[in-house]
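This report concerns only the one structure given below.
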Amino acid sequence: MISVVSTAESAPTETGTPEPSLYRRIRRLFTRDLLVSLGLGQVLSLLICAIGLSSKFLAEDFHANTPVFQSFLNYILLFLVYTTTLAVRQGEGNLLAILKQRWWKYMILGLVDIEANYLVLKAYQYTTLSSVQLLDCFVIPVVLLLSWFFLLVRYKAVHFVGAGLCLLGISCMVGADVLLGRQQGLGEQKLFGDLLVLGGATLYGISNVCEEFIVKNLSRVEFLGMMGLFGSFFSGIQLAIMEHKELLKVPWDWQIGLLYVGFSAFMFGLYSFMPVVMKRTSAASVNLSLLTADLYSLFCGLFLFHYKFSGLYLLSFFVIILGLVLYSSSSTYVAQDPRVYKQFRNSRPAGDPSPLSPAILEPSVTYTSLSPESGDELPVQVA
(Lines of atoms letter the chains of each structure in order from A; the text may use other names.)
(Lines give C-alpha, C1' and ligand atoms only; values in the text may rest on other atoms or scores of the structure.)
Protein backbone atom coordinates (compact mmCIF):
# COMPACT_ATOMS: atom_id res chain seq x y z
CA MET A 1 0.00 0.00 0.00
CA ILE A 2 1.26 3.45 -0.87
CA SER A 3 0.39 6.00 1.78
CA VAL A 4 0.36 9.63 0.83
CA VAL A 5 0.50 12.44 3.35
CA SER A 6 -0.44 15.92 2.20
CA THR A 7 0.48 18.72 4.56
CA ALA A 8 0.24 22.46 4.85
CA GLU A 9 3.00 24.03 6.89
CA SER A 10 4.79 27.32 7.12
CA ALA A 11 8.16 27.85 5.52
CA PRO A 12 11.08 27.71 7.97
CA THR A 13 12.65 30.97 8.93
CA GLU A 14 16.33 31.62 8.51
CA THR A 15 18.59 30.21 11.20
CA GLY A 16 20.33 32.64 13.44
CA THR A 17 17.51 35.17 13.46
CA PRO A 18 16.83 36.93 16.79
CA GLU A 19 14.03 35.79 19.06
CA PRO A 20 10.71 37.32 17.90
CA SER A 21 9.24 40.04 20.08
CA LEU A 22 6.04 39.65 22.09
CA TYR A 23 4.17 41.76 19.54
CA ARG A 24 5.26 39.48 16.70
CA ARG A 25 4.27 36.40 18.66
CA ILE A 26 0.81 37.81 19.34
CA ARG A 27 0.47 38.86 15.71
CA ARG A 28 1.53 35.36 14.59
CA LEU A 29 -1.11 33.85 16.90
CA PHE A 30 -3.98 36.13 15.89
CA THR A 31 -3.87 35.39 12.18
CA ARG A 32 -6.54 36.52 9.77
CA ASP A 33 -7.97 32.99 9.55
CA LEU A 34 -8.22 32.76 13.33
CA LEU A 35 -9.98 36.11 13.66
CA VAL A 36 -12.38 35.26 10.83
CA SER A 37 -13.21 31.90 12.41
CA LEU A 38 -13.83 33.53 15.80
CA GLY A 39 -16.00 36.20 14.18
CA LEU A 40 -18.09 33.65 12.28
CA GLY A 41 -18.65 31.67 15.46
CA GLN A 42 -19.89 34.77 17.25
CA VAL A 43 -22.34 35.47 14.41
CA LEU A 44 -23.84 32.04 15.10
CA SER A 45 -24.01 32.89 18.82
CA LEU A 46 -25.85 36.12 18.08
CA LEU A 47 -28.36 34.23 15.93
CA ILE A 48 -28.99 31.79 18.78
CA CYS A 49 -29.38 34.74 21.15
CA ALA A 50 -32.04 36.23 18.84
CA ILE A 51 -33.78 32.85 18.62
CA GLY A 52 -33.84 32.55 22.41
CA LEU A 53 -35.19 36.07 22.94
CA SER A 54 -37.99 35.69 20.39
CA SER A 55 -38.93 32.32 21.86
CA LYS A 56 -38.92 33.83 25.37
CA PHE A 57 -41.29 36.63 24.30
CA LEU A 58 -43.63 34.10 22.68
CA ALA A 59 -43.72 31.84 25.74
CA GLU A 60 -43.82 34.38 28.58
CA ASP A 61 -45.58 37.44 27.12
CA PHE A 62 -48.07 35.72 24.81
CA HIS A 63 -48.24 32.22 26.37
CA ALA A 64 -47.48 30.56 23.05
CA ASN A 65 -45.72 27.32 24.04
CA THR A 66 -45.26 25.82 20.58
CA PRO A 67 -41.66 24.57 20.18
CA VAL A 68 -42.60 21.94 17.57
CA PHE A 69 -44.53 24.47 15.47
CA GLN A 70 -41.59 26.88 15.60
CA SER A 71 -39.21 24.17 14.38
CA PHE A 72 -41.75 23.15 11.74
CA LEU A 73 -41.69 26.68 10.26
CA ASN A 74 -37.91 26.51 9.95
CA TYR A 75 -37.99 23.12 8.21
CA ILE A 76 -40.61 24.41 5.79
CA LEU A 77 -38.31 27.30 4.84
CA LEU A 78 -35.42 24.86 4.33
CA PHE A 79 -37.69 22.75 2.13
CA LEU A 80 -38.81 25.71 0.00
CA VAL A 81 -35.26 26.97 -0.56
CA TYR A 82 -32.89 24.01 -0.54
CA THR A 83 -35.04 20.96 -1.30
CA THR A 84 -36.48 22.67 -4.38
CA THR A 85 -32.91 23.57 -5.39
CA LEU A 86 -32.00 19.88 -5.29
CA ALA A 87 -35.15 19.03 -7.25
CA VAL A 88 -34.12 21.17 -10.25
CA ARG A 89 -30.49 20.02 -10.25
CA GLN A 90 -29.14 17.65 -12.88
CA GLY A 91 -26.94 14.60 -12.46
CA GLU A 92 -25.87 12.92 -9.21
CA GLY A 93 -26.76 16.00 -7.14
CA ASN A 94 -30.43 15.68 -8.09
CA LEU A 95 -32.99 15.08 -5.35
CA LEU A 96 -34.13 11.70 -6.71
CA ALA A 97 -30.54 10.49 -7.14
CA ILE A 98 -29.71 11.40 -3.53
CA LEU A 99 -32.85 9.70 -2.22
CA LYS A 100 -32.06 6.52 -4.14
CA GLN A 101 -28.58 6.31 -2.64
CA ARG A 102 -28.99 7.36 1.01
CA TRP A 103 -32.58 8.31 1.83
CA TRP A 104 -32.67 6.23 5.06
CA LYS A 105 -29.55 7.93 6.44
CA TYR A 106 -31.07 11.39 6.04
CA MET A 107 -34.35 10.14 7.49
CA ILE A 108 -32.57 9.06 10.68
CA LEU A 109 -30.57 12.31 10.79
CA GLY A 110 -33.76 14.35 10.39
CA LEU A 111 -35.38 12.52 13.32
CA VAL A 112 -32.26 13.06 15.45
CA ASP A 113 -32.25 16.81 14.76
CA ILE A 114 -35.97 17.21 15.44
CA GLU A 115 -35.87 15.37 18.74
CA ALA A 116 -32.72 17.19 19.88
CA ASN A 117 -34.53 20.52 19.55
CA TYR A 118 -37.65 19.15 21.23
CA LEU A 119 -35.91 17.56 24.23
CA VAL A 120 -33.93 20.67 25.16
CA LEU A 121 -36.94 22.99 24.80
CA LYS A 122 -39.11 20.57 26.77
CA ALA A 123 -36.55 20.42 29.60
CA TYR A 124 -37.25 24.06 30.55
CA GLN A 125 -40.60 22.92 31.97
CA TYR A 126 -38.98 20.55 34.48
CA THR A 127 -35.56 21.87 35.49
CA THR A 128 -33.80 25.17 36.17
CA LEU A 129 -32.33 27.50 33.59
CA SER A 130 -28.90 27.08 35.21
CA SER A 131 -29.11 23.30 34.86
CA VAL A 132 -30.03 23.57 31.20
CA GLN A 133 -27.13 25.92 30.51
CA LEU A 134 -24.65 23.70 32.33
CA LEU A 135 -25.82 20.27 31.16
CA ASP A 136 -26.23 21.45 27.56
CA CYS A 137 -22.42 21.67 27.46
CA PHE A 138 -22.43 17.86 27.40
CA VAL A 139 -22.62 18.27 23.61
CA ILE A 140 -18.91 19.22 23.57
CA PRO A 141 -17.44 15.93 24.89
CA VAL A 142 -19.95 14.06 22.70
CA VAL A 143 -18.70 15.90 19.61
CA LEU A 144 -15.04 15.38 20.55
CA LEU A 145 -15.52 11.64 21.06
CA LEU A 146 -17.58 11.12 17.91
CA SER A 147 -15.10 13.16 15.86
CA TRP A 148 -12.22 11.07 17.22
CA PHE A 149 -13.79 7.68 16.47
CA PHE A 150 -15.81 8.36 13.30
CA LEU A 151 -14.12 11.35 11.62
CA LEU A 152 -10.65 10.24 12.82
CA VAL A 153 -9.82 13.72 14.09
CA ARG A 154 -6.73 13.80 16.29
CA TYR A 155 -6.41 16.54 18.90
CA LYS A 156 -3.43 18.09 20.67
CA ALA A 157 -3.13 19.06 24.31
CA VAL A 158 -3.90 22.72 23.48
CA HIS A 159 -7.31 21.69 22.13
CA PHE A 160 -8.28 19.99 25.39
CA VAL A 161 -7.00 22.96 27.40
CA GLY A 162 -9.04 25.34 25.25
CA ALA A 163 -12.19 23.22 25.57
CA GLY A 164 -11.65 23.02 29.33
CA LEU A 165 -11.40 26.82 29.59
CA CYS A 166 -14.64 27.22 27.63
CA LEU A 167 -16.43 24.87 30.02
CA LEU A 168 -14.90 26.75 32.97
CA GLY A 169 -16.28 29.97 31.54
CA ILE A 170 -19.80 28.62 31.24
CA SER A 171 -19.50 27.32 34.82
CA CYS A 172 -18.71 30.87 35.98
CA MET A 173 -21.88 32.08 34.26
CA VAL A 174 -24.00 29.38 35.90
CA GLY A 175 -22.41 30.24 39.25
CA ALA A 176 -23.41 33.88 38.78
CA ASP A 177 -26.99 32.78 38.02
CA VAL A 178 -27.12 30.78 41.25
CA LEU A 179 -25.69 33.64 43.33
CA LEU A 180 -28.20 36.09 41.85
CA GLY A 181 -31.13 33.71 42.34
CA ARG A 182 -32.03 33.34 38.66
CA GLN A 183 -33.68 29.91 38.97
CA GLN A 184 -36.49 30.16 36.41
CA GLY A 185 -38.14 26.98 35.29
CA LEU A 186 -37.79 25.01 38.54
CA GLY A 187 -40.22 22.12 38.59
CA GLU A 188 -40.95 19.10 40.77
CA GLN A 189 -39.32 16.66 38.34
CA LYS A 190 -35.88 18.25 38.13
CA LEU A 191 -34.07 14.95 37.53
CA PHE A 192 -36.34 14.20 34.59
CA GLY A 193 -35.60 17.63 33.13
CA ASP A 194 -31.86 17.12 33.56
CA LEU A 195 -32.08 13.80 31.72
CA LEU A 196 -33.96 15.52 28.89
CA VAL A 197 -31.13 18.03 28.53
CA LEU A 198 -28.48 15.30 28.46
CA GLY A 199 -30.47 13.39 25.86
CA GLY A 200 -30.92 16.49 23.71
CA ALA A 201 -27.22 17.37 23.99
CA THR A 202 -26.25 13.85 22.90
CA LEU A 203 -28.52 14.06 19.87
CA TYR A 204 -27.13 17.52 19.04
CA GLY A 205 -23.63 16.05 19.10
CA ILE A 206 -24.60 13.25 16.71
CA SER A 207 -26.33 15.70 14.37
CA ASN A 208 -23.40 18.12 14.35
CA VAL A 209 -20.77 15.48 13.61
CA CYS A 210 -22.90 14.09 10.77
CA GLU A 211 -23.35 17.63 9.46
CA GLU A 212 -19.60 18.23 9.48
CA PHE A 213 -18.98 15.03 7.52
CA ILE A 214 -21.67 15.85 4.94
CA VAL A 215 -20.70 19.48 4.30
CA LYS A 216 -16.99 18.61 4.00
CA ASN A 217 -17.43 15.53 1.80
CA LEU A 218 -20.72 15.99 -0.04
CA SER A 219 -22.59 19.30 -0.21
CA ARG A 220 -24.02 21.98 2.07
CA VAL A 221 -27.12 22.27 -0.15
CA GLU A 222 -27.64 18.50 -0.02
CA PHE A 223 -27.56 18.49 3.78
CA LEU A 224 -29.96 21.42 4.13
CA GLY A 225 -32.26 20.10 1.41
CA MET A 226 -32.56 16.70 3.06
CA MET A 227 -33.09 18.29 6.46
CA GLY A 228 -35.86 20.40 4.96
CA LEU A 229 -37.50 17.37 3.36
CA PHE A 230 -37.46 14.94 6.27
CA GLY A 231 -37.57 17.62 8.97
CA SER A 232 -40.77 19.19 7.65
CA PHE A 233 -42.37 15.75 7.18
CA PHE A 234 -41.67 14.34 10.65
CA SER A 235 -42.08 17.61 12.54
CA GLY A 236 -45.43 18.05 10.76
CA ILE A 237 -46.53 14.65 12.07
CA GLN A 238 -45.30 15.49 15.57
CA LEU A 239 -47.06 18.85 15.40
CA ALA A 240 -50.37 17.26 14.44
CA ILE A 241 -50.12 14.76 17.30
CA MET A 242 -48.71 16.87 20.15
CA GLU A 243 -49.37 20.58 19.58
CA HIS A 244 -52.58 21.02 17.59
CA LYS A 245 -54.44 22.02 20.77
CA GLU A 246 -51.72 24.50 21.78
CA LEU A 247 -52.00 26.25 18.41
CA LEU A 248 -55.71 26.80 18.99
CA LYS A 249 -54.94 28.52 22.31
CA VAL A 250 -52.52 31.06 20.79
CA PRO A 251 -54.05 34.60 20.80
CA TRP A 252 -53.14 35.41 17.22
CA ASP A 253 -52.44 39.06 16.34
CA TRP A 254 -49.80 40.98 14.37
CA GLN A 255 -47.30 41.00 17.25
CA ILE A 256 -47.37 37.23 17.64
CA GLY A 257 -47.16 36.82 13.88
CA LEU A 258 -44.15 39.12 13.76
CA LEU A 259 -42.42 37.14 16.52
CA TYR A 260 -43.04 33.86 14.68
CA VAL A 261 -41.67 35.38 11.47
CA GLY A 262 -38.61 36.69 13.32
CA PHE A 263 -37.99 33.36 15.04
CA SER A 264 -38.26 31.49 11.73
CA ALA A 265 -35.93 33.94 9.98
CA PHE A 266 -33.28 33.66 12.71
CA MET A 267 -33.59 29.87 12.79
CA PHE A 268 -33.32 29.66 9.01
CA GLY A 269 -30.26 31.89 9.10
CA LEU A 270 -28.66 29.70 11.75
CA TYR A 271 -29.25 26.49 9.81
CA SER A 272 -28.07 28.06 6.55
CA PHE A 273 -24.95 29.70 7.98
CA MET A 274 -23.77 26.96 10.35
CA PRO A 275 -22.62 24.59 7.55
CA VAL A 276 -20.52 27.42 6.10
CA VAL A 277 -18.74 27.92 9.43
CA MET A 278 -18.49 24.17 10.07
CA LYS A 279 -16.84 23.57 6.70
CA ARG A 280 -14.24 26.20 7.56
CA THR A 281 -13.66 24.97 11.13
CA SER A 282 -15.23 21.90 12.75
CA ALA A 283 -18.23 20.75 14.75
CA ALA A 284 -16.24 21.00 18.00
CA SER A 285 -15.09 24.56 17.27
CA VAL A 286 -18.64 25.64 16.39
CA ASN A 287 -20.09 24.23 19.62
CA LEU A 288 -17.40 25.94 21.68
CA SER A 289 -18.22 29.24 19.96
CA LEU A 290 -21.91 28.79 20.73
CA LEU A 291 -21.21 28.90 24.48
CA THR A 292 -21.16 32.69 24.29
CA ALA A 293 -24.81 32.71 23.13
CA ASP A 294 -26.07 32.42 26.72
CA LEU A 295 -23.89 35.38 27.69
CA TYR A 296 -25.30 37.52 24.88
CA SER A 297 -28.79 36.60 26.09
CA LEU A 298 -27.87 37.65 29.62
CA PHE A 299 -26.45 40.96 28.42
CA CYS A 300 -29.66 41.61 26.48
CA GLY A 301 -31.65 40.63 29.57
CA LEU A 302 -29.95 43.40 31.53
CA PHE A 303 -31.81 45.92 29.38
CA LEU A 304 -34.95 44.02 28.35
CA PHE A 305 -35.79 42.06 31.51
CA HIS A 306 -33.80 44.06 34.11
CA TYR A 307 -31.56 41.19 35.15
CA LYS A 308 -29.06 41.83 37.94
CA PHE A 309 -25.49 42.27 36.75
CA SER A 310 -22.55 40.25 38.05
CA GLY A 311 -18.85 40.66 37.32
CA LEU A 312 -18.71 36.89 36.82
CA TYR A 313 -20.54 37.40 33.51
CA LEU A 314 -17.64 39.42 32.10
CA LEU A 315 -15.13 36.96 33.56
CA SER A 316 -17.05 34.11 31.95
CA PHE A 317 -17.04 35.85 28.56
CA PHE A 318 -13.30 36.47 28.55
CA VAL A 319 -12.50 32.94 29.76
CA ILE A 320 -14.62 31.45 26.94
CA ILE A 321 -12.96 33.71 24.34
CA LEU A 322 -9.54 32.73 25.69
CA GLY A 323 -10.48 29.07 25.39
CA LEU A 324 -11.66 29.62 21.80
CA VAL A 325 -8.39 31.34 20.91
CA LEU A 326 -6.36 28.48 22.36
CA TYR A 327 -8.48 25.84 20.64
CA SER A 328 -8.31 27.60 17.26
CA SER A 329 -4.61 28.49 17.49
CA SER A 330 -3.51 25.00 16.44
CA SER A 331 -4.76 22.72 13.70
CA THR A 332 -6.08 19.21 14.24
CA TYR A 333 -5.04 16.02 12.43
CA VAL A 334 -7.48 14.25 10.16
CA ALA A 335 -6.12 10.72 9.71
CA GLN A 336 -7.92 8.61 7.14
CA ASP A 337 -5.42 5.82 7.80
CA PRO A 338 -4.61 5.42 11.52
CA ARG A 339 -1.41 3.47 10.71
CA VAL A 340 -0.08 6.42 8.73
CA TYR A 341 -0.95 8.70 11.63
CA LYS A 342 1.21 6.60 13.98
CA GLN A 343 4.06 6.64 11.45
CA PHE A 344 3.84 10.40 11.12
CA ARG A 345 3.94 10.96 14.88
CA ASN A 346 7.17 8.92 15.03
CA SER A 347 8.84 10.67 12.08
CA ARG A 348 10.20 14.16 11.40
CA PRO A 349 9.90 16.35 8.31
CA ALA A 350 12.84 16.21 5.95
CA GLY A 351 15.38 18.93 6.66
CA ASP A 352 14.22 19.52 10.23
CA PRO A 353 17.41 19.39 12.31
CA SER A 354 15.62 19.10 15.62
CA PRO A 355 12.15 17.97 16.72
CA LEU A 356 12.05 20.95 19.06
CA SER A 357 12.93 23.50 16.41
CA PRO A 358 10.65 26.56 16.88
CA ALA A 359 11.14 27.63 13.28
CA ILE A 360 8.78 25.01 11.80
CA LEU A 361 5.17 24.79 12.84
CA GLU A 362 3.52 21.39 13.18
CA PRO A 363 1.52 20.77 9.99
CA SER A 364 -2.14 20.09 9.49
CA VAL A 365 -2.38 16.61 7.99
CA THR A 366 -4.80 14.76 5.74
CA TYR A 367 -4.12 11.12 4.86
CA THR A 368 -5.17 9.07 1.85
CA SER A 369 -4.22 5.59 0.64
CA LEU A 370 -3.55 4.49 -2.96
CA SER A 371 -2.62 1.26 -4.76
CA PRO A 372 -3.81 -1.35 -2.25
CA GLU A 373 -2.34 -4.18 -4.30
CA SER A 374 1.22 -3.17 -3.52
CA GLY A 375 2.82 -5.48 -0.98
CA ASP A 376 5.49 -3.18 0.43
CA GLU A 377 4.63 0.10 2.06
CA LEU A 378 6.71 3.09 1.17
CA PRO A 379 7.96 5.30 4.00
CA VAL A 380 5.83 8.27 4.92
CA GLN A 381 6.85 11.49 3.25
CA VAL A 382 5.92 14.97 4.37
CA ALA A 383 5.63 17.43 1.51
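Residue numbers in this text run from 1 along the chain shown.
For all residues, glycine too, the Cβ spot is worked out from N, Cα and C.
If you look up TrEMBL, you'll see 34-53 (among others) marked as transmembrane segment.
Within the chain carrying the transmembrane segment (73-91), a Cβ under 8 angstroms from the stretch's Cβ atoms is held by residues 97-98, 221-222, 224-229, 231-232, 235, 260, 263-264, 267-268, 271-272, all 6 or more beyond its ends. Under the heading transmembrane segment, TrEMBL lists 73-91 (among others).
Residues or ranges marked as transmembrane segment in TrEMBL: 103-121 (among others).
As annotated by TrEMBL, transmembrane segment applies to 133-153 (among others). Remote same-chain residues near the transmembrane segment (133-153) are listed as 120, 163, 166-167, 170-171, 173-174, 177, 194, 197-198, 200-202, 204-206, 208-209, 212-213, 282-284, 287-288, 291, 294, 332-336, 338, 341 (criterion: CB distance under 8 Å, separation of at least six residues from the stretch ends).
Through the fold, the transmembrane segment (160-179) approaches residues 129-130, 133-134, 137, 140, 144, 284, 288, 291, 294-295, 298, 310, 312-313, 315-320, 322-329 of its own chain, all at least 6 residues removed from its boundaries and within a Cβ separation under 8 Å. Positions annotated as transmembrane segment by TrEMBL: 160-179 (among others).
Per TrEMBL, transmembrane segment is recorded for 191-209 (among others). Within the chain carrying the transmembrane segment (191-209), a Cβ under 8 angstroms from the stretch's Cβ atoms is held by residues 109, 112-113, 115-120, 122-127, 131-132, 135-140, 142-143, 146-147, 150-151, 185, 278, 283, 286-287, all 6 or more beyond its ends.
Cβ atoms under 8 Å from those of the transmembrane segment (221-242) belong to residues 68-69, 71-72, 74-83, 85-86, 93, 95, 98, 106-107, 109-111, 113-114, 118, 211, 214-215, 271-272, 275 of the same chain, restricted to positions at least 6 beyond its ends. The transmembrane segment annotation in TrEMBL covers 221-242 (among others).
Annotation source TrEMBL lists transmembrane segment at 254-274 (among others).
Same-chain neighbours of the transmembrane segment (286-307): 38, 40-42, 44-46, 48-49, 52-53, 133, 137, 139-140, 143, 162-163, 166, 169-170, 173, 180, 182, 204-205, 208, 274, 277-278, 313, 316-317, 320-321, 323-324, 327, counting only residues six or more beyond its ends whose CB sits under 8 Å from a CB of the stretch. Feature annotation from TrEMBL assigns transmembrane segment to 286-307 (among others).
Within the chain, the transmembrane segment (313-335) has long-range Cβ neighbours (under 8 A, six or more residues past its boundaries) at 29-30, 34, 37-38, 41, 151-156, 158-159, 161-170, 172-173, 176, 281-282, 284-285, 288-289, 291-292, 295, 298-299, 341, 362-367. Annotation comment: TrEMBL describes 313-335 (among others) as transmembrane segment.
With a cut-off of 8 Å between Cβ atoms, the residues of this chain six or more beyond the transmembrane segment (34-53) that come close are 262-263, 266-267, 269-270, 273-274, 276-277, 280-281, 285-286, 288-293, 296-297, 300, 304, 321, 324-325, 328-329.
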